[in-house]
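As given in TrEMBL:
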| type | residues | note |
| --- | --- | --- |
| DOMAIN | 5-196 | domain 'Ion transport' |
| TRANSMEM | 9-28 | transmembrane segment |
| TRANSMEM | 34-51 | transmembrane segment |
| TRANSMEM | 71-92 | transmembrane segment |
| TRANSMEM | 160-182 | transmembrane segment |
Amino acid sequence: MASLYFSDFWNKLDACAILIFIVGLVSTLYPGRIVLSLAFIIFCLRLLHIFTISKTLGPKIIIVKRMMKDVFFFLFLLAVWIVSFGVAKQAILIHNEKRVDWIFRGVFYHSYLTLFGQIPSYVDGVNFNFDQCSPNGTDPYKPKCPESSEANKKPIFPEWLTVILLCLYLLFTNILLLNLLIAMFNYTFQQVQEHTDQIWKFQRHDLIEEYNSRPPAPPPFILLNHLQIFVKCVFLQKPTTRHKQLSKALMF
């Protein structure tokens with residue numbers, strides 16, 4: 001019965017949201033509020049299942065699900081460029097950084113934000129400002145300053161090299177990889193759009209069948225229906241209507 005229930009993606013989302021919600025209830029004060037905030041996000045995403053009844057929005061949900069798969073595989077390609085540029089930039093600019101959190105910030109976080117136009121000012125010596133960094137890396141809210149000359153307080157790293165690396169990184173990620181992702185999205189959209197009517201009919205059938213197998217009583221009276229189902233399954237050893245329907249569907 002459990003395997004049949006979790007064969008549906010929306011049921012998995014329900015179980016995940018309820019589990020996180022229970023963890024948030026047993027937690028206290030601030031940690032509980034954080035967990036409940038995450039549960040709220042999943043409960044909101046669960047509302048997307050209602051749109052499957054719409055002939056316009058229903059197929060769009062399938063498009064979004066398939067595009068998420070495209071993004072997942074695209075991230076592997078993007079991660080190679082982010083890691084290569086981030087590690088090289090961190091090694092050239094920052095010497096002997098001991099704070100692990102700021103190492104990850106410099107390698108991954110700053111390299112990722114560069115894709116969206118937030119270019120770090122310390123990459124180019126023209127816009128370099130010592131007030132935005134910590135010389136010895138002692139300030140927990142500022143990154144460590146790049147290596148600089150004690151005489152004129154200017155960075156000593158090769159600016160031409162960092163600029164070339166930045167240009168190559170933006171060329172391959174912003175132009176090549178992002179356009180590749182757009183092409184993948186376009187191909188997925190065209191595939192689903194060709195069978196929009198069939199997809200909507202299948203979604204409508206599954207949704208009506210699911211709600212037809214649900215207990216008719218509203219909360220809190222639905223607890224009586226769940227008690228009846230529990231007695232029927234455990235003591236009388238009779239499968240529920242939903243179990244019969246799912247078993248029949250899996251046979252075909």
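Every residue, even glycine, has its Cβ placed from backbone N, Cα and C.
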>> If you count every Cβ pair below 8 Å, which range out of 9-28, 34-51, 160-182 shares the most with the transmembrane segment (71-92)?
In response: 160-182
>> I need to check the long-range neighbours of the transmembrane segment (160-182): which residues 6 or more away from its ends have a CB within less than 8 Å of a CB in the stretch?
In response: 70-71, 74, 77-78, 81-82, 85, 88-89, 92-93, 111, 114-115, 119, 123-124
